[in-house]
Amino acid sequence: MNGRIRSSVSVSWQRHWLGLLLLAVVLLAVPFVAALGGQAWVRIANFAILYMFLALGLNIVVGYAGLLDLGYVAFYAVGAYTYALLASPHFGIHLPFWVILPLGAGLACVFGVLLGAPTLKLRGDYLAIVTLGFGEIVRIFMNNLNAPINVTNGAQGITLIDPIRIGDFSFAQTSTFLGVTLSGPQKYYFLLVALALLVIVVNIRLQDSRIGRAWQAIREDEVAAKACGINTRNIKLLAFAMGASFGGIAGGIFSAMQGFVSPESFSLMESITILAMVVLGGMGHIPGVILGAVLLTGLPEALRYGIEPLQRALFGRMIIDPESLRMLVFGLALVLVMRFRPAGLWPSSQRRRELAESAD
Amino acid sequence: MLEVNGLRVSYGGIQAVRGITFHVNEGEMVALIGANGAGKSSTLRALSRLLDPAGGSVRYRGKELLALPPHRLVGEGIALVPEGRGVFPRMSSLENLRMGAYARNNKTEIEGDLEQVLGHFPRLKERAQQLAGTLSGGEQQMLAIGRALMSKPRLLLLDEPSMGLAPIMVQKIFEVIRAVASAGMTILLVEQNAKLALEVSQRGYVMESGEITLTDESKKLLTDPKVRACYLGE
Amino acid sequence: MNQVPLLLEAHEVAKHFGGVKALHDVSLTIRRGEIYGLIGPNGAGKTTFFNCLTGLYKNESGHFIFDGVKLEADAPHKAAAVGIARTFQNIRLFGNMTAIENVMVGRHLRTHAGVFGAITRNPTTRAEEAAIARRAEELLHYVGIHERAHDYAKHLSYGDQRRLEIARALATEPKLLALDEPAAGMNGTETEALRVLVEGICRDGVTVLLIEHDVKLVMGLCGRVAVLDYGEKICEDVPVVVQKDPRVIEAYLGGSVA
Amino acid sequence: MDTLLQQLINGLTLGAVYALVALGYTMVYGIIGLINFAHGEVVMIGTMVAFTVIVSLASSGMSPLLILGVGLLVSVVVCMVLGWALERVAYRPLRHAPRLTPLITAIGMSIVLQNVAMIIWGRNYITFPPMINKQIYEIGGASFTNVQVAIVSLAALVMLGLIYLVHRTRIGMAMRATAQNPHVASLMGVDINRVIAMAFIIGSALGAVAGCMVGSYYEIAHYQMGFMLGLKAFTAAVLGGIGNLAGAMAGGLLLGLIEALGAGYIGDLTGDFLGSHYQDIFAFIVLIIVLMFRPSGLFGERTGDRA
Amino acid sequence: MNHVRIPGVLVVLAASMAIIGCGKKEEPKAAAPAPAPAAAAPAPAPKPEMVVKIGHVAPLTGPIAHLGKDNENGARMAVDDANAKKVEIDGKVIKFELLGEDDQADPKTGAVVAQKLVDAKVAGVVGHLNSGTTIPASAIYNQAGLPQISPSATNPKYTQQGFNTAFRVMANDIQQGSVVGTYAVKDMGAKKVAIIDDRTAYGQGLADEVEKAAKAAGATIVAREFTNDKATDFKAILTKIKAKNPDVVFLGGMDAVGGPMLKQMKELGIKAKFTTGDGGCSPELIKLAGPASEGVICSQAGLPPEKLPNGQKFLEDFTKKYGQIQIYSPYSYDAVMVLIDAMKRANSADPVKYLPEVGKTSYDGVTGKIEFDEKGDIKNGAITVFEIKDGKLVTLKSEGGSAPAK
C-alpha cells in the first residue's frame, strides 16, 4: 500500500529495466537514424525536445495549477536574452553556459512572480488576456531597448552568441570521438535529451509531492484547498515561478543552438503554439504533453516533406501550392483532434473519466 | 395528470433519488416534503429535465416527458418555479415576467395576463422597472411565481418557495399559492417547511434519503408523530 | 462547568449581504472538549457564521477569540493554521483525487517539503512523505473508509464522502472541527454511524462545532445548542431546554406569525 | 490644442472599429463564456468578400454607393453563414468539453480561415477600391474625412441597432435570459442551441460590417489582417468587461483613444523613453491596471456568475 | 498505476523520436539524382546532362508571404532562363533545379530548412528574406561550405560574422541610409526631417542610418516616431509629426505600411515630402497609395532599369510571367545568376571549387553591376533615387556603381 502511494522512482527502475534499456537504445539511436534522412531531422528532433521542455513548463502552470497562461513565451525570451547578452560580443561578456543557464532560469522565475503577483485574483479568461499582454510587453521591450541605452540591440537581434562549450568541446562543431562522428545538431540532441530526462523527472517528482497535490487541490476546488490550510496565493506563484524557470532554461539553450536571437522568435503565436501542445496532448499528463510537443513540432515538418507527393498522388498534379495547404492541414488537425478527443490525444486516465462523466 | 414511476437520479456515484413513484391528479395540490438533501429537489430537477434521470418514467397527460428537451415542456403546459428563484438578475421585473410568456404568441392576451399577474402582486408592480437582482428574496420569489404563471401552465412545479424568506414573506407567498390553487391550478409543491406545505396541500409525500417513506392526506400527515419526529427529533 | 476553559468566543459578530442582515451581533462561547450544536431553519445564518469564523467571509463587526488569542483570520488558510478545520454543507472534496490523496492534501499545513525537497527526494522529504501517507491511512481507518482509499473521491457514496471530508479536516490537526450539516442526505444507519464517529472525535480531544438540520442528531450528540433564526441567536442551552423553547418550535414548524 | 482635437478624432474612428469587432467577441462570450478566437478571421473574410463583390461590380456602371451597399450586404450574409458554421461544426460538439478545448479549436479554425483566404485571395496586399469620393473637412485645425464620419455614424447606428435587438426584441430577451441562466431560460421555452447559434450569427454580421469599414477606411486588405485587429478588439472587450455590450463599446472607444493619445503624448511626457514604439503596450498596461482594481473589467459584474 | 508512469513517459519520448526519425525514410528523395557533383563521373553520352540544385528560402506563409513568393518567383525565373541558355559546365549541360523552401520568417524554422537544403546537397542558396532568418541560417551554410546570397537581408551583421560563405546583392542599411538621408537634405533642401520606422530589423536599421546622414548634412530631426509592420492606422503618429511641421518625412518600412500612411498623411493635410527606402520603393506602393503616392521620393539599391538593358527586359518578362513585382525579385534573380556565373567560371558546381569564385564576381545583373567586398557585401553598391510621377517610378539620380559597358 505504502509503495503505491509513494510511487517511488526507484521501484519503477527495478521493475522496468528491460523497457528502460530498450528506451535508452532507442534514444541513443534516434540521432543516427534521423541523420540518415538528413541532419534537418536531427534539428527537428532537437526543436521537438526544446518545445517539450517549454510545454512541460507550461504544463505546471496550466495543467497542474489550472491557470491559463497565454504569455508563457515571455519567460522563454527572458532566458534566451539572458544567455545572448552574457555570452556574445554584444557586451563582450562570455560566461560559460553552466553559469548562465541557472541565471536565466532564476531571472525567468523572478519574472514569473512579477507577472503572477498582481494578477492571481483574476478569473480564468481575464488572467489569459493579462498574461497575453505581459508576453507582448516583454517582446516589445526586447524590440525597443536599443535606445537610449542599447541593451537588446532592438529588432536587429544579437548575433554570434557562443555555442555551449565544455572545455574545448564545442557543441557547434562536428567532431569525432571514439570513432563516432557527431554533427553539431547530434551533440545538442544528446544534451537536450539529458536535460529533458531531468525535466521529466522533476515534473514527475513535483506532481507526486506535497506541492503537486496542493496544485491539484487548487485546480479541483480552490475554496476547499484554502480550508485545508493551503496558502493558495503562494502555491500559485510557485507554479508560475517553476513553469517560468523551465522556460528560462529552454530559452538559454535556444540562444546557444541558434547563435542568434531577435524578438521575432518570441511572438504571441509561439505562446499559443506551446499552449496548443499542452492541450492537444493531454493537459496535466506528462506523456500526453510530450506527445503534443513532438506532434506539433513534427507535423508541420512532416507535411513539408509529405504534402507535395501526396497531392501529386491524389490529383496527379499540384492544385494548391504546398505551403498554403501545409498550414491549412495543420489548422484542420487541431480542430479535428479537439473535436474527437476533447481531453487531448493522451489524457491521464482521470481526465478521460472526468470528461466521460460530464458529457452524459 | 402526472405519473412518476420508479424515478432514479444519481450524481457521479451517489444515488440521490432511489426509484420513487408518485402521482398528481388534475386540480389538486400535492406536497413533497422532507429534510435537506432528501432528494426532493433532485426529483423536481429531473421532472423539469434540468438533469437526466438514471431511470424511471414520467408520464404527463399520457405523454412521456423524459423524451422531450427542456424547452418543449412549457409548450406542454408545465412551469417550474426553481429552487433559489432563478430570476434573471440583470433583467427588469417586467422583462422577467415577459420571459415567462416567451413561448406564447398572442400579444393582447399576454398583456392581459401581465396586468392580472401584476394585480396579484402589487409589490411587483411597484418594482416593475427594477432589475430583478436587486429585489429582496421575497420579491424575487413572487416574481418567479408570477413568471411561471405567465406561461399559462396547467401544472405548476414549486421548488422550496419558502427558502430563506422572512416569516411574513413566507406567509404572503403561501397566500398566493393558495389563491393560485383555488383558481384550479394543479400544483406539485416541494417544501422543507412541512407544516406550511401540509396546511395548503391536499395530499403529501414524505421523502427521506432518496425514498418516499410516507404518504397520506396532508391533514393526517400533519398530525403524524413520525413527521414530527422527523423534524423535531422528538 | 464554570472552570472549563473556553476555546472559542464569538463577540457580537455581524455580517450583511447587500441590505440583508445575515448575522446580527451573534455572540457565543464554545468550551474546550465539548460538542456544540448550532441549529436553525434554512437561511438562518448558520453557514454565514461558519464562513466568518473560517475566514471565508469578513465579518463587518465583532470578533472571535480562539484559544485565548484574537483571531485575525482574514484568509481561510490562516484559520486552518491556528487550528480551525471545517467541512462544507455541499461537500467540497477534490473529486478527481483519490480518497487518500484528499486526506494527504489535508496534511499540507503540518508538513514542510518544498520544491527542492520534492525534486531531490532527499531522505527528509521521503520520510515526511511516508509520514503523510501513514497518517492519511490512519485517518481513513479512523473514519472507517480505508477500504476505499484508492477510489476517486467523487465515486464514493454520499456518506463516505462526508466521512472523507471529516478525515481531511482532521488531517490539519485542528483544535476545533466545524462540521456544516454532516448528516444531510444520510439515511438512518449512516446518521447513526456519523454520531458514533463525532463522539469519538470529541473523545479524542477535538472540540466540535456542529451545524445540523437533523435536530434528532443534534439533540442526541451535543452538550449545548444555540439556535439561530434570521441571523440572531434566539436561544442557547442544553438540548432538553432548547427543545421545549417556544421560540424554537415556532422557528421550526413555522407557527403563527403576527 | 488642434493636435489634441485631431488625436481625439483619430482615436474615435479607430475606437469605433475596435468597438464593433469587440461586440462580436462579447456577444458570444456573454452567452456561452467562449472566447471565439477566430472572430478576427471572420472580420478578415468580411473585408475580403466585400472587396471581391465591389471589384467585380466596379465596372457595372452601378452607383458607387449602391455597389458599396451590395458589397456590405453580401459580406454580412457570407459572414453570418460562416459564423453559423463555426458554431455548428467547431464549437457545439465541444459544449461540455474542458474549458481549453474550444480555445484550441478556435485557434485551429483561425489558422484554417487564414490559409483558405490566402488560397482564395492570394498573398499580396489588396487595394480596397475607394468607392466614396473622399472629402476632407477641417474643424479648428483638425481634419477628418467623410469616410470617417460614415464609419463613426454607421458604427453608432449598428450599436444602437444591437442594443435595440438585445433589449427590445424577443430573440434579444431570449439571449439575455440564456446568458443569465440557461437552464431557467430553457424552462421558459427558449431553445438554447438556437440562441447560441444566433449569437454567433449576429456577432459575425457585426464582424462583417467592421470588416467593410476597415476596408474602406484604410483601403487595404490582407489575409493576415484579422489577427492583430482581433487581438486589439478582444483586449477592448475585456477592458470593458467581457460579456457586456456597453462594456465592449466603451472598451473599444477607450482603447482607440488610449492608442492615439498614448502615441501622441506619452513620448513627450516620459522624455521619449516610452515613445510610440511602445504604442501597442499602452493598451495592455491600462488593461492590467484596470483589472487590478476591477477584476471583471470596467462594466463587468463584480461577482461573475462564471468562474 | 503510478509505477508505470516513468517508463510511459520515456517510451512516448522515444517513440516520438523514432517516428520523426523514420519519417524521413518514407520521404521520397525528391528528384533522385542528387549530385555529389565532383564525384559524378563523366557520362558516355556526347552531351551529358547534370542536375544542379539551387536552394531558395523565403517566408511563403505568414504576414510577409507576398514578398517571399516574389523572391521565389525571381529565383525561379533565373533558373528557367539559365536552363533555356543550356549552360555547360565541365562539358555537361546543366539542368538547374530550384528547391524552394518556406521559413515562415521564423528563425527556428529558418535553421531547419537551411539544414534541409544542406542535406539535399544543393550547390548554393539564395535567401533568406529577413535578416532574422538569414543570420542563424548563415552559420549552417557556412559549416557546410555552401555559398549563400541573400537578396534582401540588409542587416549589416549578416556579413560581419566573418563567414566566407555569406554574400548579399543588396546594399546594406548603412549604404542606402546615407544616400537617402543626404539626398533629403542636400537635394530636397529639407531642414526639418521627421523619421518613422516600423521596428523591424530592416526599418530600424535603415531609419537609424538616415537619421545619422541627415544630421550630418545639417538637418534637424524634429520627430522620431515608430509603428509596426502590421499596423494600418498611423494617424496618431502622423498627427504628432504634423505638429512639428517637417519638410520631409522618412519611412523606414515596407510598402504595405507606406501605402496607407501616404493616404492618411493626405487626409491629415500634411504637406511634407515623403521619402522611403527600397522596402517602399515599389510599384506596389503606387498601387496601395494611389494618387497619394505622387511626388514620393524613394531609393532602391542598384541602377535604374533604363541604364541596364537587362533590367527593362527583366521587368517585362517577369510581369508577364508572375504579375507585378513586389520588391526584391530582381535581386533574387541576380543572386541566382551570380551563383551560376561563379560555377561557370570555376567550371564546377561543387561548392568547394566555385565558392572562391563567388567572391570574385563581377557580374552585370538586372539590378546593376555586382561585385563583392571582402565581407561579402556588394561593393560600391549603386543606390538610385526615384520619384513617383504619374504613377511611375522615375529616376532622379544614381549614386555609386557604374553602368555596365554595353
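Yeah, the Cβs are placed from backbone N, Cα and C, and that goes for glycine too.
Nobody curates TrEMBL annotations by hand; they come from automatic prediction.
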Stretch carrying transmembrane segment according to TrEMBL (options A:97-117, A:328-348):
A:97-117
Best-contacting stretch, by C-beta pairs under 8 Å, relative to the transmembrane segment (A:72-91) and drawn from A:44-65, A:97-117, A:188-206, A:237-260:
A:237-260
Annotated stretches the transmembrane segment (A:272-303) and the transmembrane segment (A:44-65) touching (3 or more Cβ pairs under 8 Å):
yes
Counting only residues 6 or more past its boundaries, what in the same chain has a CB within less than 8 Å of a CB in the transmembrane segment (A:97-117)?
71, 74-75, 78-80, 82-83, 86-87, 131, 134, 138, 162, 164-165, 236-237, 240-249, 251-253, 256
Are there residues at least 6 beyond the ends of the transmembrane segment (A:44-65) whose Cβ is under 8 Å from a Cβ of it, and what are they?
30-31, 34, 72, 75-76, 185, 188-189, 192-193, 195-196, 199-200, 203, 206-207, 212, 215-216, 218-219, 235-236, 239-240, 242-247, 249-250, 253-254, 257, 273-275, 277-279, 281, 283-286, 289-290, 292-294, 296-298, 301
